[in-house]
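Q: Okay, here's the structure, questions in a sec.
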Amino acid sequence: METVTVNLVSTPAQRGYPIHIGANILTQPELILDYLDQKRVAIVTNTTVGPLYLEKFRADLSVHGMVSVPIVLPDGEEYKNWETLNLIFDALLTHRCERNTPLIALGGGVVGDLTGFAAATYLRGVPFIQVPTTLLAQVDSSVGGKTGINHPLGKNMIGAFYQPQAVVADTSTLDTLPDRELRAGIAEVIKYGLIRDPAFFDWIESHIELLLRRDNSILTDAIKRSCQHKAEVVEEDERESGMRALLNLGHTFGHAIENAMGYGNWLHGEAVAAGTMLAAEVSRRMGMIGEEDVDRVRNLYVKTGLPVIAPNLGPEKYLHLMGLDKKVQGGKMRFILLENIGRATVHADVPAAILTEVLTECTADA
């Protein structure tokens, strides 16, 4: 088992939490017992993950005297909304869960985001633990404290920063992950190489076949290195007032794609990949990177089985949706662009003509 620690500095105390990574660690409840302040927990999962892991997880906890309240949600990005959030609140209130009743998120990014937001707001804050079961959640969404729900007008527009007490990433759960979900998770792994670690990008290029074959040692290494990058960024900028925005490479375009195409039709990682290609092309046309770098990014996505051409929504639709992006400041859209493979920067001065050209010439009818 590998452990990465997120160290958060705040006044007057320093906070932190572990990210445990390894095979079959879901069967080791002792990893989280220290964070359970009472003998009752609420476990939030969904209709896909629940049948696979919920009852065994509950049984392992019960050996240590823990009573668990199961909360099973419908599965899918389209359910990341107020109605589903209220299902969690209804269950917590019905079972009279208290302020020190921990919530455990057992599932992918949607379950984690919903559970975290419920934990941040139920009784004005209760403890929660992330147990991510998808690659995307293990390398990205379970770490850093971003929680929330979607709104019909925009993705993740309602939420809170609320850190978990621990993250338990069992790589064995990836054995039951559909291939499409695995590829979508690799998109977020690639992102770390693009924004801050060229050697990691090289490593992904040379190990992509093993990642796709789910080689456990390679997956564990990729998850650990991704979490190390995420932890370092979050430690420096917990509330996304500066460098944490770089983690949104491809997301400005990608969130617009997810919204326009209907939540759940494009997986988040798929939209991020297509969005990153648009960001790379904007970077090239602004003279920041060369065609060779754009080709490297495209080729890696193609090898991964990710989309490299964004849907043609029309420039007006894209610009409207991106105008609702959380990074907008003073009415100006801010884009994460590439200076080279391994370095990204934030830009609020992208010429409208270049944006329009890219959104016209580099998209295709879905």
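In case you wondered, yes, glycine gets a Cβ from its N, Cα and C as well.
Okay, these came from Swiss-Prot:
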BINDING   75-80, 109-113, 133-134, K146, K155, 173-176  NAD(+) binding site
BINDING   E188, H251, H268  Zn(2+) binding site
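Can you tell me where each of these features sits in this structure?
A: DSSP assigns T134 (NAD(+) binding site) to coil in the three-state reduction, outside any helix or strand.
Reduced to three states, the DSSP call for H251 (Zn(2+) binding site) is helix. Of all Cβ atoms in the protein chains displayed, 25 besides its own lie within 10 Å of the Cβ of H251 (Zn(2+) binding site).
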Q: Can you list, in sequence order, the residues of the same chain other than E188, H251, H268 whose CB lies within 8 Å of the CB centroid of the Zn(2+) site?
A: L136, D140, A187, K191, G250, G254, G269, A271, V272
Q: If you count other CB atoms within 10 A of each CB, which of G109, G112 wins among these binding-site residues?
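A: Selected residue: G112.
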Q: Given the binding-site residues D75, E78, E188, which one has the fewest other C-beta atoms within 10 angstroms of its C-beta?
A: E78
Q: Looking only at T173, T176, the binding-site residues on record, which one has the least crowded Cβ, with the fewest other Cβ atoms within 10 Å?
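A: Comparing Cβ neighbour counts within 10 Å for the binding-site residues T173, T176 gives T176.
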